[in-house]
Amino acid sequence: MTTLLDQINLPADLRALNKDDLPQVAGELRQFLLDSISTTGGHFASNLGAVELTIALHYVFNTPYDRIVWDVGHQSYPHKVLTGRRDRMGTMRQQNGLAGFPKREESEYDTFGVGHSSTSIGAALGFAEASKLQGENRKAIAIIGDGSMTAGMAFEALNNAGDRDVDLLVILNDNEMSISPNVGALNNYLAKMLSGKFYNGFRNVSGRMLDKVPPLRELAKRSEEQLKGLFTPGLLFEEFGFNYIGPIDGHDIDTLVTTLSNIKKLSGPQFLHVVTKKGQGYKLAVADPVKYHAVTPFTPENGMTGKSGSSKPSFTQVFGEWLCDMAAKDERLVGITPAMREGSGLVKFAEQFPDRYFDVGIAEQHAVTFAGGMACEGVKPVVAIYSTFLQRAYDQLVHDVALQNLPVVFAIDRAGLVGADGPTHAGSFDYSFLRCIPNMAILAPGDENECRQMLYTAFLHDGPTAVRYPRGSGIGATVEPEMTALPWGKGEVRRKGSKVAILSFGTRLGAALHAGDALDATVANMRFVKPLDDALLAELAASHDLIVTVEDNAIMGGAGSAVLESLSAQGIQVDTLLLGLPDSYVEHGEQNKLLADCGLDGAGVEAAIRKKLG
Ligand SMILES: Cc1ncc(C[n+]2csc(CCOP(=O)(O)OP(=O)(O)O)c2C)c(N)n1
Ligand SMILES: CC(=O)[C@@H](O)[C@H](O)COP(=O)(O)O
Ligand SMILES: [Mg+2]
């Protein structure tokens, strides 16, 4: 049977429907998403929560002429279905398939590339100002979640936009969730007002009472606008120069269409507050939106059983275990996360050490500076942060921590290629952007046991130290419960060979050993990217014809560059070959396949060396 959804190839097809058909479209779209995402995996609960809002937006606004900017974009699957990609949803986050986030080169309806949070208001303001300069009559609409609203740059953009005469609509999609439950004063403010019976009660009572006295009704109408500001979350946003509307039910498509149609006629900065349920329409996701934020393939009737996945502990789990063990040994330790409790492995730590656990919201810049402040007082902060998200806190790294040589440990997860999330989430550059910072140390474990020992070594070091490890698990080394400090700045030879010396940094050790066996090459596990083991390098350069470096970081400025700098500084001449990530963005796909495509698996390293040797 042909569904309404089958007839919608582009938003123009949607806009040709009668408004009364939209609830049916919503039901069909929600079922389509459940079937599709339970098959491919990907982001889930946020997409179910955005179904009605997405339909209403494309129904009311003349997309793509009017510009929609999604924040993070993990909730953009409904948008992708309605904008010509329904039949490609089965390729979601697969190599050469659809990206998991809006991507300009994927569709004209994807106005701005996203993946990192809290950029939508700033970008949409850019669209709005450009439209004004070009004499266009576009509407610019940013849809930002309550979690993403906790980042500073969202308020930088609000502050700027509220002072401008532009047609910008900011829609706050408030479901009281980040990945974990949302945190912070803004969240408390929104929740208090939304749950406040007083606000709803006030509107009912005033409506009933004043209807009886017509002359007062007009006065009350005007005063309700003023009073509304006292009882709805709007006051905050009104003070930022926006016209606040809401809160409205983000699943009531009729109200959404009516409200958006009215707002469309208004000029100046508008702020619409919608209330949604993360996982709406799928009971298991509503009950556990944390678990269903992102899913691996599952059967809708049974839900995610958690049976799939590797039996080997992930580096994230190794970190989480270490953090709890270290906290038990040293009461100065605190754990800090910018809204990635689950992803960074702090669930157990948060339960066991609630007073020493800090989720600062999606606020990486604040997380780093906050850690610096704590370190000044003798507290020992461990900042758990994805490599890609640490990019957002670069000045804080330099100015607030390294320049003052403060003992902060950065447990950098998702280093290197991450796979399905693609280039917005790859941790391709941390060696490069950390190495040039004076006082910064960088440790890169070759396996899971080294990860634990390096975290301990970093914790003992009196200065800023990064330990960086990839998404997933490594070669499956047994993790020793004993914590042993590694010799600072020292690498180790893991295999003796001749002619060729392969210097491995981080978890490319497995690939290096494979190539070492095939070529009878020496293999060194360098352990430290900074400080580099210059003496070991000199020794290997003196006894081999070719020095090869292998890393899952950009070659530009990476560990291989450190080796070249050291050889130059030591006045050593030797042939070299640098293997690492290319000076381009590696698209999404399966993590190990992508590494192999970059020549960073065993076969690739071996082939590159054979080619070099001629
Ligand atoms: C700068 C940055 N930090 C962290 C993340 C990881 N992240 C992705 S979605 C998300 C929660 C977003 O919450 P919200 O905006 O409320 O969207 P919801 O999932 O509730 O729809 C987080 C923390 C990110 N994408 N970007
Ligand atoms: C959208 C977002 O940024 C997060 O959900 C991210 O996708 C999590 O990545 P991991 O799955 O590697 O934890
Ligand atoms: Mg949310």
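Don't overthink the numbers, they just go from 1 along the chain as shown.
Glycine is treated like the rest: Cβ placed from N, Cα and C.
Per TrEMBL, the feature thiamine diphosphate binding site maps to His74, Gly115, His116, Ser117, Gly147, Ser148, Asn175, Tyr282, Glu364. Cβ-based neighbour count (10 Å, all protein chains) for Asn175 (thiamine diphosphate binding site) stands at 23.
According to TrEMBL, the feature Mg(2+) binding site maps to Asp146, Asn175. According to its DSSP assignment, Asn175 (thiamine diphosphate binding site) is coil.
Among the features that TrEMBL reports, domain 'Transketolase-like pyrimidine-binding' is placed at 313-477.
Asp146 (Mg(2+) binding site) is 14 Å away from His74 (thiamine diphosphate binding site) when you measure Cα to Cα. Closeness to ligand 3 is met by Asp146, these being the binding-site residues among His74, Asp146, Glu364 whose Cβ falls under 6 Å from the molecule. A coil conformation is recorded for His116 (thiamine diphosphate binding site) in the three-state DSSP classification, outside any helix or strand. Close to ligand 2, meaning a Cβ under 6 Å from one of its atoms, are these of the binding-site residues His74, His116, Asp146, Gly147, Asn175, Glu364: His74. The binding-site residues near Asp146 (Mg(2+) binding site), taking a 10 angstroms Cα-Cα threshold over the set His116, Asn175, Glu364, are Asn175. Among the record's thiamine diphosphate binders, His74, Gly115, His116, Ser117, Gly147, Ser148, Asn175, Tyr282, Glu364, no two C-alpha atoms are more than 32 Å apart, and one pair sits at exactly that spread.
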